[in-house]
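> Can you read through this structure? Questions will come right after.
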Amino acid sequence: MKKLISFSINNKLALWILTIFVILFGTYSGYSMKLETLPNINEPVVDVTTVYPGASPNEILEQVTEPIENTVSNLEGVKSVTSTSFENASSIQIQYDLKKNMEDAEGEVKEAVQSLGLPSDAEQPRVARVSYNDLPVLVLALTDENESLQELSHYAETTIKSEFESVEGISDIKVVGTIQKELEVSFNDKDLNAFNLTEQNVIDYIQSISSDAPLGLQVVDDEEQSAVIKGSVTSAEDLKNLEIPVVPSPGESENGKTFVKMSEISTINEVTKEKSVSRMNGKEAIGIQVYKNAAGNTVQVVDGIQEKMKELEKKKDSLAFTSVLNEGDPIKDSVHVMFQKALMGAAFAILIILMFLRNIKTTIIAVVSIPLSLIISLMVLNQLDITLNLMTLGAMTVAIGRVVDDSIVVIENIFRRMTLKGETLKGFELIKEATAEMFSPIVSSTIVTIGVFLPLGLIDGPVGELFLPFGLTIVFALLASLIVSITIVPMMAHLLLRKNIQHNSKRSKERRKSPYKRLLNWSLNHKIISFVIVNVLLVGSLFLLPMIGVSFIPDSENKVIIASYNPVPGSTNDDIKKEIQKSEDVLLERDHLNDVQASFGEGNPLNPSDTKQVLFIINYHPELADITKEQDELASKLKDVNKGEWDIQSSGSGYNTLSLFVYGDNSGEVNEAVEKINGTLESENELTGLKASTSESLKQLGFVLDTEKIASLNIQPLQIFDVLSQGSSSTQITSLNEGGEMIPVNVSQGQEEGSAFSLEDKRVQTLTNENVKLSELVKVEEETAPASITKRNGKVYGVITASITGDDVAAVTSKVQKEVDQLDLADGIEVEVGGVADQIDESFTQLGIAIISAIMIVYFVLVLTFGGGLAPLAILFSLPYAIIGSLVGLVVMNEPISISVMIGALMLIGIVVTNAIVLVDRIVQKEKQGYSTRESILEAGMTRLRPIFMTALATIGALAPLVITGESDGSGLISSGLGITVIGGLISSTVLTLFIVPVAYETLAKMKMKLGRKNRKGHEKGEVA
């Protein structure tokens, strides 16, 4: 080690060149890193969505949902399977254990569902992991005062979409609210019957004649060429004039024709149809959703799209884009705020070091480790493709106080020896020896701190993915600080401190008369009293626990509310539009409102399979004081205005949620229990956004087949199904290419949405080409059926959800559990409390194991460092007393125990132990030099007092901005809770470490000495015998 120190001092130029290279490359790495709010987090959930057009909820359940459920529920690691079967689609969420590799899980589910024999009309199931990349990074509203909505739709789907897709990092651009031109074919049943035709006859013929048919390779002029029969229908006029062959019947046709034109049996019109609906501030507008891929950088994607927006607006003056949801700007703001906190923390740390050293040169040498360590960590993070996000930036803010510790210890020792009376070494030799003297404690303290963060890699699920980059950043910064302290620091000390610093006799006298020395000596002479005092403080602090709440992750206060509106089952599109307008009237009158966008149909990012659900994105001015209060007021007002259900939450919330799952034997009993529980919880002030989801019913048509008559006429039931399915919805039969634009051709049933269904003019063809009225074969009955069927682990269930507004999530959850237990519910009803309570249990358990593992790792490293168990055991005595300051700090600042607090406790282990190592290492050194244990302790206490206080206060100064500025700026995950925990714990542990660790060390040393004497006496008696 001395060789490395000597090399650094003797090769200053080379070291300066290397340092400049590191600064340049590290700065470049920092600018090259992707900016994100958080690391990419994969929830332990796989979604399976299957679209089955025209199917009822019961059909979806029996033919799609249950086969998939039965298959996936047996897969390894599956914790629960939740499903919803509603009209046209099935949605299944598979929840896994936190330990499950979600990439493997997704592959296993895909393989499992591909082998299922689902209905042929059902689309291939879409299997995807739940990830933050599933949500758009930018939502825009597009308007043009000079163009119709149809013209703007075409422009958006062609020009704008193409321009946006050229931006690097884009995975998808969805355009919603568009109007599409199409040809609508309305058949006249009477005319069809007159020519002995059915709709299916005509549709089959059109599809066969209008599409290109490949004939394979044909030899033409001794050369092989591909041959294709071209479709004969290329325009609306072609379709109208298309001649359809008349089907022969047992008797003469009405007019003896063998062909009939389409225009004689149908009406063909060019119409416009809404593919989806999008509105902006009460007016029709085109919505554009921008999605990035997994490798994409949110900020760069958003910036790239905004550049394209400016270019397009320059080309068309009347074109206007409005940003409704922008994930890029909040990231920039959060990163900027965290960067400011880091600078403030660094400034505090520097001032504290300067205050102690009272020497500008030594202060410069000490603090140089801050930028160099962080720059080196940026280089490594960039190479590992870890993004620059709140977690990595927060880790750097936290690391500032720690990365300077090693340099402080080294430069303080150099400075101390330079001012020490009677010091024989000078210049190069003194700096080398002083640095080498501190090598063992700084290496062991660095390894200990790194060891503390190793268990973070063992934490599974979202919390592990969230905090692993945090731990890695600190580890890289600490390793860099170690290298800097034994290379750059001695080199700069030799450069800047060439002249010997005069011995400070005043400081020596102060040390001899130090109050600390007297108190330490008193503590050593009164060990029992000392232990009683500190343990009374420790036990007393534990009584503060009931006063501290329990939360999961603090919500950030983004000024955006995301609201989902589920209309009453059976609502038509026109009904939904009317409900949207009612909602807009309420929303547009709200104070501090920026914009409100409403959309439904295709392109709902929160629920792609539900085309009836309306998504509202409500954007507010930053001046809005309380987004949670606004959320509550909106929920109350909108509930009175609209029929249907609302789910309203701010975009920064979602961590502190409550879910109650109610299971039962049938939907009726479940619904009754859900309503009773919901009524009880409505009076809870600490719950907001209370929503009860039950199985609602809708009217449906039941078709009863006359099986005897059908069999006598030799008609297949599938023929009847084909005719009935034609009557259920508009069907696309082909498409025409007009000037490069594909125009769909749809068959309409000639009835408005929501109008009565009639069988009177429908016909089914027998094998003898005779048309039979459908009304003679089928009886229509009106009945009720569930609008959706929800199941969890195979049981019928209902769910109640709410957001917990209080700080003590655990207390609110426990209170709700007690209230539910007191309700008189029907036999067979089971209620399971989930949501954040489950997350707290799992995550806190894992973090608790991580903390215990960290303590074991610390002890193991200390045993290896000191070569015995006495010194490490004395060092561990510093840990329990950190609890005192942490708990007091949380109570005083009214901060709940959360994930960030637990991470702070994990950090505290490494920081507290570091101070104790510096003290105990000096005691061991002095003992080896022949001093008694008491003399060694007193000398070590006086010698290490200043570096211990310097490192502790530097860490406190670095973390102070987290506590002072709070978390309302978007840095909630690295919140004030972490800062309070570390600062409070560091204050109590530092003060008590200076007394209790020496007391523990001397006590253990005496016990070891007595044990050694007993062993020797026993050994001597054995020899005599």
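Here the Cβ of each residue, glycine as well, is placed from N, Cα and C on the backbone.
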> For the transmembrane segment entry in TrEMBL, name the matching range from 14-39, 976-1001.
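My reading of TrEMBL: the transmembrane segment range is 976-1001.
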> Counting a contact as 3 or more Cβ pairs under 8 Å, with residues at least 6 apart in sequence, do the transmembrane segment (899-924) and the transmembrane segment (364-384) touch?
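The transmembrane segment (364-384) and the transmembrane segment (899-924): touching, no.
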> The transmembrane segment (390-415): which same-chain residues, six or more beyond its ends, come within Cβ distance under 8 Å?
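Same-chain contacts beyond the flanks: 37-39, 334-335, 338-339, 341-342, 345-346, 349, 353, 357, 359, 362, 365-370, 373-374, 377, 381, 430-431, 434-435, 437-438, 441-442, 445-446, 449, 466-467, 469-471, 473-474, 477-478, 480-482, 484-486, 489-490, 493, 497, 501, 907, 910-911, 914, 918, 946-947, 950-951, 954-959, 961-962, 970-971, 973-974, 978, 982.
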> Suppose I define contact as three or more CB-CB distances under 8 A, residues 6 or more apart in sequence; do the transmembrane segment (528-553) and the transmembrane segment (873-893) meet it?
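Yes, these stretches are in contact.
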> Residues of the same chain, at least six outside the transmembrane segment (436-458), with any C-beta under 8 angstroms of its C-beta?
1-2, 5, 402, 405-406, 409-410, 413, 464, 467-468, 470-472, 474-475, 478-479, 481-482, 485-486, 846, 849-851, 853-854, 857-858, 860-862, 865-866, 906-907, 909-911, 913-914, 917-918, 921-922, 925
